[in-house]
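Per TrEMBL, the features are as follows:
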type: BINDING; residues: Arg55, Gly80, Asp153, Leu154, Glu180; note: S-adenosyl-L-methionine binding site
Amino acid sequence: DEAVRGTCEDASVCKRFAVSVGYWKDPYIQYFVRQAKERKAPEINRGKLACYYARVHGVSYLIKAFLKKTECNSQIVNLGAGMDTLFWRLKDENLLPRKYFEVDFPMIVARKIHNIKSKPPLSKPIMESHSGDSLLIDSHSLDSSRYSIVGADLRFSSDLEEKLKKHNLDIHLPTLLVAECVLVYMTPQQSSNLLKWAASTFPVAMFINYEQVNMTDRFGQIMIENLQRRQCNLAGVEVCRSLDSQRERLLINGWETARAIDMMKVYSFLPQADVKRIEGLEFLDEKELFEQLMQHYCICWA
């Protein structure tokens, strides 16, 4: 679990660096993550930053499509949210759903709550969107009328549901569940349980999953070995064999339709003027490596 929690830090540092050099705008990440003092290749390389850029835009596109379709009369449950800043960015765009939930390990949640409490640019938007009684906050949870953050273990869906309901989860509202590089750290059985729980709990729902794919080839094996060297085991990697296996997992666990595309495909769909802009930010000498990396991550939605 400690190694998995460490991936939250890695992702946050990469995103902060990408924002600082202009890949996309996020005025809030600076309040959660210190800027990396130096650039350490290959952990933060140009290909990885472009992959994050495609991930942020691809996931954001699907989230906004869901919010527009439901006219924001819906809720979002961000599973394994880490230091994500989506709540604040949606508020700035006037796209907040009725309620926005975040779930992560209690230790990560405690750190996030500390940052929110101590930094007015984070706490003020929560207060502005809050109505009703006083805001509830303790070391491992925060509950306002529009934003909640809950410390829970996603491997135990009954515990997760109980905690979310305490924070006014409404199972009758159209619900979007988002998981970015989360399911791969659970066993296939544990992620199946989570997907089944979500499919059977919410009558109207959408699930977005971003994670690894095509992991049985040599490049995928190197990715696995690199993580194992850091004591980080991808317990659910067998489901990441192919786009078909990713889709299949969603369909056999109660979702009616499922699609999956790799990040190279996502990259080709992005506005070409913006792609040209980010490709001009830094020189990419390893084009082939970049393409391989992009072919080993995917976005699935169901």
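Please read every residue number as a count from 1 along the shown chain.
Quick reminder: no glycine exception, Cβ is built from N, Cα and C everywhere.
Looking at the residues that bind S-adenosyl-L-methionine per the record, Arg55, Gly80, Asp153, Leu154, Glu180, the two CA atoms farthest apart are separated by 24 Å. Glu180 (S-adenosyl-L-methionine binding site) has a Cβ environment of 20 other Cβ atoms inside 10 Å.
Summary: among the binding-site residues (Arg55, Gly80, Asp153, Leu154), the fewest other C-beta atoms within 10 A of the C-beta are counted at Asp153.
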